[in-house]
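Undergrad: Before I ask anything, here is the structure I am working with.
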Amino acid sequence: MPRATALGALVSLLLLLPLPRGAGGLGERPDATADYSELDGEEGTEQQLEHYHDPCKAAVFWGDIALDEDDLKLFHIDKARDWTKQTVGATGHSTGGLEEQASESSPDTTAMDTGTKEAGKDGRENTTLLHSPGTLHAAAKTFSPRVRRATTSRTERIWPGGVIPYVIGGNFTGSQRAIFKQAMRHWEKHTCVTFIERTDEESFIVFSYRTCGCCSYVGRRGGGPQAISIGKNCDKFGIVAHELGHVVGFWHEHTRPDRDQHVTIIRENIQPGQEYNFLKMEAGEVSSLGETYDFDSIMHYARNTFSRGVFLDTILPRQDDNGVRPTIGQRVRLSQGDIAQARKLYKCPACGETLQDTTGNFSAPGFPNGYPSYSHCVWRISVTPGEKIVLNFTSMDLFKSRLCWYDYVEVRDGYWRKAPLLGRFCGDKIPEPLVSTDSRLWVEFRSSSNILGKGFFAAYEATCGGDMNKDAGQIQSPNYPDDYRPSKECVWRITVSEGFHVGLTFQAFEIERHDSCAYDYLEVRDGPTEESALIGHFCGYEKPEDVKSSSNRLWMKFVSDGSINKAGFAANFFKEVDECSWPDHGGCEHRCVNTLGSYKCACDPGYELAADKKMCEVACGGFITKLNGTITSPGWPKEYPTNKNCVWQVVAPAQYRISLQFEVFELEGNDVCKYDFVEVRSGLSPDAKLHGRFCGSETPEVITSQSNNMRVEFKSDNTVSKRGFRAHFFSDKDECAKDNGGCQHECVNTFGSYLCRCRNGYWLHENGHDCKEAGCAHKISSVEGTLASPNWPDKYPSRRECTWNISSTAGHRVKLTFNEFEIEQHQECAYDHLEMYDGPDSLAPILGRFCGSKKPDPTVASGSSMFLRFYSDASVQRKGFQAVHSTECGGRLKAEVQTKELYSHAQFGDNNYPSEARCDWVIVAEDGYGVELTFRTFEVEEEADCGYDYMEAYDGYDSSAPRLGRFCGSGPLEEIYSAGDSLMIRFRTDDTINKKGFHARYTSTKFQDALHMKK
């Protein structure tokens, strides 16, 4: 989020904020030695965050800044008085940058409609901005921490030594991880802040996909891990860099006490309920560290942040001397002001820098003309993990003293001044080359004597590969997360403690693809040398499976050629123990199976794991070869037990098909069947063709396998249990499997028999098998399907006239898309041709007459019917055409006195509405009449603010008209009437849960009648 460059934004408010003590419902302070390895998995991340300083559990939010109860006490905010409930759909937590404001202004989204989502039981998000108590009262313009200024007494909010340990949650992709690392390297490059992978540090940040969008606390919270939320649409470089600004200790720039001298807040343009985001801090309680107001700060809001409309300003910069208004809200890079503030906040040395290139050099200030007295410089050399740094001093002339007490250059093997010392140097003797054990070096120069020398000059080079003799670490391709360099060859020899194995897991993988990995590749071998057994030769974009060596050594080689370069790879290695080799075999009753980082127990055939995951009990499921029988959930007819996994494999004779009919069905579950479920597949393997995953209380339809095998799997979780299910299976011979059942065209298997069908343009002979040429008038009422010219795919016959009358569900337009088209060519299509009409017959307006070999563009009717007529003359014949008919929702509807129907989707009644639906209907009545809309059925995914799926009604022709309401759940409680002659209906769905939809009826009505009925 933007920052208050103020020291109170950075020091008084940052350093004065007390440490949280269980604020926001957090758990007890975790042990400093706690193991957070669970963060490698998504579920582990979410569970561990229950015990974190979680910004999504903050008392309130100030923009994307999380404030806890102690912050409120510091600001003297009485929640009951100063905070009010959120009353409108919130925009959600964004950083207020330019790119976000642009992305939030899609054509069909109003300023009041946008929102982020908060997770429910199924991990989905719900639209909300603030947790209770809500937003700051709009009347409040400033707030003040009325405590004595203590710039140095609250250092617990500053990260010690500028070192910020981090963990990246396991639910992020490789590209997202790369963005996080690029943003951290950006901060390191321009400041003296350092980000390190967390080992055993007590306080650290966790990149997590949280429910509150983009948000973070300001500064170090202390007492354990704290989350930095990178939620939906937050995984952009500038947004992550902005959030890291909060972690470093920055508030929003526009909240500085002196902001009114530089910008104007236009309050009438601010979305209702968002006024608190524009509060400012009080002068006298904060300090700006001597830095001027920074329009260019990455911590500044954009001009239209939280605006009622995209083109309305909420923050207007004042004109400069040339009459130009500065640009604000950039999310591209740190500004010079950001850099200066951070360097002051963390007391960065006046000289020195962070060096991140593969090669580079640096020297003492003034070299070779002499360095000044009392100089202090620090160079932080940081290359890609898995690389080492070779440092060479080529010139050395420093005042020499005993133990190099006065003037010296010091090199440490790590990221800070507490790292192991490689050497302290003075005098004129050039040191031997120094080599780091990892990817960082700390070089510090100090002078305190009055006798000065020329100084020193040093050059460094990153070398990839080498020996990695430790129990855990990280290896990345050179220059990761940026593209690796050409013509590289890196060899790593990993050795962990005796008695352990080497475990290797990949976080990201993107190496130039080739079928045999001939160009760029990563090679992994099970041992210490190139002659060791090959584990894998990897390239492409899929992460390799986890690797486990058979000894305590592993050999890796990365090679790139001279051309195409990709992002490369990032991998973690660690010591791995085989728990199954222990005397008790891990406590497993039957079999122990070692896994990377852990182990699991398994049971012999006919048994399954008990609830303790170690003991075995008689299994449910089994291998069934009977032609018919019954399958029930374990414990039937009582409730099934928790943590069960049952698999039935049903096998019938060849040429048979298996049908499964559920008689009783009652499982825990919601629409996504995440908890308890039954899966049915055609085949015996767990990845065979899936017919469906079922849960809840709705009985599935009869399922028929595609072969003579069927797999039925039942799973229950560790919580709610229900009655379960009872199903009957029966096998039937598939007469179509041999010689197509004797059918000339298509054979369709039915239970106990079969039937023949004919292709388009033919009808079934009375013998039930042969097909004869049929008449050519077709009526089509299916939602989608294929139609073709007669005799397709062969040439159409001469002297034929065929018609197709296509009708669709009320409120849905017919769409026709041609896959192939070849009809005798004529300039005016006078011979053979296809005509399309916008209605039910040839009296409707014509949409076009077509011939030749150019496919007509996809055509959409204005209503729910389309008429086609194909004509061929006596001479030339061609291949003809094939087209797909489908439907599109929305359009213009005419309201009349006679009642008409409107359905949410074309398959209403047969299937739930589809995901990502975008439908707008405009219903228009005659002059002097209004529109009356009543709902016969309404079942749309329910959410407090209708932020997922919803139906909206507007009193006019488009969304600029007054909105009559947004509805979800069970819908409107009464009829909807327009005040004018038109009504717009908008239907939107998201990408997950789908419901039945709605069925509405509309008619025209006199205005006075409608008003009377409303009364």
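Glycine is treated like the rest: Cβ placed from N, Cα and C.
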Undergrad: Which cysteine out of CYS56, CYS234, CYS348 is the one Swiss-Prot pairs with CYS192 in a disulfide?
TA: CYS348
Undergrad: Pick from CYS756, CYS758: the cysteine that Swiss-Prot pairs with CYS743 in a disulfide bond.
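TA: Going by Swiss-Prot, CYS743 is disulfide-bonded to CYS756.
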Undergrad: Out of ASN126, ASN628, which residue gets the N-linked glycosylation site annotation in Swiss-Prot?
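TA: The residue tagged N-linked glycosylation site by Swiss-Prot is ASN628.
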Undergrad: Where does ASN171 (N-linked glycosylation site) sit in the DSSP three-state scheme?
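TA: Going by the DSSP assignment, ASN171 (N-linked glycosylation site) belongs to neither helix nor strand, so it counts as coil.
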Undergrad: Give the distance between the Cα atoms of GLU243 (active site) and HIS252 (Zn(2+) binding site), rounded to the nearest whole Å.
TA: 11
Undergrad: Treating G and I as helix alongside H, and B as strand alongside E, what does DSSP give for the domain 'CUB 3' (620-732) in helix, strand and coil?
TA: 0 helix, 57 strand, 56 coil
Undergrad: At the Cα level, what's the spacing in Å between ASN628 (N-linked glycosylation site) and HIS252 (Zn(2+) binding site), rounded?
TA: 70
Undergrad: With Cβ-Cβ distance below 8 Å and at least 6 positions apart along the chain, what are the contacts of ASN361 (N-linked glycosylation site)? List them in sequence order.
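TA: In sequence order, PHE457, ALA458, ALA459, TYR460 meet the Cβ cut-off.
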Undergrad: With an 8 Å cut-off on Cβ-Cβ distance and a minimum sequence separation of at least 6, pull the same-chain contacts of ASN392 (N-linked glycosylation site), or say none.
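TA: Same-chain residues close to ASN392 (N-linked glycosylation site) (Cβ under 8 Å, separated by 6 or more) are PRO433, LEU434, ALA458, ALA459, TYR460.
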Undergrad: Who are the long-range neighbours of the domain 'EGF-like 1' (576-617) in its own chain, taking Cβ under 8 Å and residues 6 or more past its ends?
TA: 37, 496, 499-503, 505, 546-549, 641-646
Undergrad: Please identify, from the glycosylation sites ASN171, ASN628, ASN805, the residue with the sparsest Cβ neighbourhood, meaning fewest other Cβ atoms within 10 angstroms.
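TA: Lowest Cβ count within 10 Å among the glycosylation sites (ASN171, ASN628, ASN805) is ASN628.
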Undergrad: Between C-alpha atoms, which of these binding-site residues comes nearest to ASN805 (N-linked glycosylation site): HIS242, HIS246, HIS252?
TA: HIS242
Undergrad: List the Cα distance (Å, whole number) between HIS242 (Zn(2+) binding site) and ASN171 (N-linked glycosylation site).
TA: 21
Undergrad: In the domain 'CUB 4' (776-888), how many residues does DSSP call helix, how many strand, and how many coil?
TA: 0 helix, 58 strand, 55 coil
